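Visitor: Quick one: the structure is below, and I'll ask about it shortly.
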Amino acid sequence: MSKVLYSSTFLEKTIALLMDLPKQLLCDQVFIAYLGSLPEGEYFPSSHHSSMLQAVLKQSSVANYLIRSYSRSFNGFAAKLTNEEANKLASMKGVVSVFPSKVYHLQTTRSWDFMGFNKTAKRNRAVESNVIVGVIDTGVWPESESFGDEGFGPPPKKWKGSCKGGQNFTCNNKLIGAQFYNLGIPVGDSVRDIIGHGSHTASTAAGNNVENASFFGFAKGTARGGVPSARIAAYKVCGELGCGSAEILAAFDDAIADGVDLITISIGPGFPSEFYEDTIAIGAFHAAEKGILTVQAAGNSGTSGPQSVSSVAPWILTVAASSTDRRFIDKVVLGNGKTLNGFSIHPFSFNGTKFPLVYGIEVTSDCDEISAGMCQIGCLKSSLVKGKLVLCDEFSGHEEARDAGALGSIVPTSLVNVSFVVPFPTSALENDDYGSVKSYLNSIEQPKAEILKSETIKDSAAPMVAPFSSRGPNFIVPDILKPDISAPGVDILAAYSPVASPSDTPTDERRVKYSLISGTSMACPHAAGVAAYVKTFHPDWSPSAIKSAIMTTALPMDRSNNPDREFGYGSGHVNPVEAINPGLVYEAVKGDYIRFLCSIGYDEGKVRQITGDNSSCPETSKNMLPRDFNYPSLTAEVPTGKSFTVGFHRTVTNVGVAGSTYKVKVSSNSKLRVKVIPEVLSFKSLKEKKSYNVTVTGKALDGSSMLSTSLVWSDGTHSVRSPIVVHTFEGFDRGVSIP
């Protein structure tokens, strides 16, 4: 869910939808057979896939079992199989992996200005108009002003896609492509967005400049994307039940072949998988091979603690969510005059009138105390809440209070400084303030309160990593830092579906063209917009070079406000203006990825299937560690309770000025000793490469802990910064199964 919190009404809706689905859909298991890259020469994928299924199923006709052949950008297929049939298929020659299609989840004005990326920023509009951003999401609302094509010429000549938008859906010269997929998870009969999430992310990445956009007057201003002159291709893979693996892989297959320049996907599995079983990692790998960078949301499981980041592949730019300097609050004024700040967004006002305040337990019908206190479904008696404000012990209780006929509600929230759109007067208070309201209610015979209309205040502590944003370390490869970068993802105004509830509450009948949403889903398209912006100045740069430019020019974030440090924000906060001129970049070519896959234990058979050629694991890769992959950040997991010395090898490419000299500077950390050899890198020409080695020494670390610092290469004009992170982690047993 884009709103981070799963409400009880959402679960009810999901159950109802499941009950309405055909029994066959629920009983049949969809498996994905991944066969790696497409082989060179004459090859007929669909025929090959059918023959493989025929061998497994022992049937001549497999039309009812084969759901989709992936044959445009890589090789594989989705089919209905039993577990036994899937195991048999997995043992066949040429099969990299077979895994069940699982459900992935959605992760979701002022934000661009906050990053210093205002409307007057330097642009290359002619090139920008040639950039195509592929958005894999819930579709789009094509009539939105954010996707209008006034002033746009025909699609770029490189575009090979089509508009298969479905019923009553029309593309234009801005929204040049549209496809939808019903391969297991129903997404509807068109690319039209009925949820709002896809319209929001697409317009954030590449939407037009739309003046006077607001949410009921809040956040009024110009809604715009990072590259408003760019084109958009929408691939709908999500419905109200989630997003299917089979659908996601189909979208990658098409987007790569269609000719998009960049893919933004605000979707995640909830928990990371091995790369050969993660459809987004698979799709992104093949996209990178074709020069296409994939930008993905880090996940919304930050409250679960460390190792919650679900996007962990090194060929993906993984984006955390952070706040901007605009915060939305509402206020609760108690009968005793005390005023408390809450975190909700609503336009409702009581005009100075206070109303009786009651606790859920006092106005229940026949529920137990815990359920009544939480205001769970069916627990509140309408006759007892009418004309009153209800105190509920659970955030989602506000929906039951509204349905029961209350005037408003006061609820607790653990997501401090994150405000959500609510369907009626509701104030979400941090736990201490919520406790104060309870104490007041119990101390007086006739407690009263007023909830004020929401307002905006300036937050000088921003940017701070949002509490919901998923944290590192990387569960699959601890020596690769994830997330990579932080971008605005709290209370973001962008385009929305005019048929969707802005509060995710089914009974909320309000409809809007622009809405405020929070999530790493919102941060992801900000970073995607920046990546597309960089590409407009450097069309020939590789995905790894663009990613490096964004990471090494990121703004350092205040550690005192971000206790998880690099595990929360990665390299720092995205800095669009500086990203187009990084000076040096860390590049990774196909051979680097091969050595990386070998270093984490993939055998040559798997590597060859993934790469699609006769690649082998070089002798040097047998001794290579994942931390030596040429990544813009430097990370190492070390044993608990032992002093350590770890080394890193990196190579940088000069993209700044010919005849430049860079000197290194390491930030001080008394607990780490860092040595860089050489300390000076001199370049005679552009695209020249230079290597250096880093040795980090320190005393034993206890339990789950981390130490960090950074190194900066500077020529006096450019500052190329890389975080250095050393950590231990006593958490889950990774139990990694290496093929």
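The chain as shown is numbered from 1 upward.
Every residue gets a Cβ built from N, Cα and C, even glycine.
No curator has checked TrEMBL annotations; they are predicted automatically.
From TrEMBL, for reference:
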ACT_SITE  ASP137  active site, charge relay system
ACT_SITE  HIS197  active site, charge relay system
ACT_SITE  SER521  active site, charge relay system
DOMAIN    42-107  domain 'Inhibitor I9'
DOMAIN    129-570  domain 'Peptidase S8/S53'
DOMAIN    628-726  domain 'Subtilisin-like protease fibronectin type-III'
Visitor: Give me the Cα-Cα distance between ASP137 (active site, charge relay system) and SER521 (active site, charge relay system), rounded to a whole Å.
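Guide: About 10 Å separates the two Cα atoms.
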Visitor: Report, in whole Å, the straight Cα-to-Cα distance of SER521 (active site, charge relay system) from HIS197 (active site, charge relay system).
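Guide: Counting only the Cα atoms, the answer is 8 Å.
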Visitor: Kindly state the mean pLDDT of the domain 'Inhibitor I9' (42-107) in the predicted structure.
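Guide: That stretch averages a pLDDT of 91.
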Visitor: Other Cβ atoms within 10 Å is the metric here; tell me which of the active-site residues ASP137, HIS197, SER521 scores highest.
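Guide: Checking each of ASP137, HIS197, SER521, the winner is SER521.
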Visitor: So how many of the residues in the domain 'Inhibitor I9' (42-107) end up helix, strand or coil by DSSP?
Guide: 21 helix, 20 strand, 25 coil
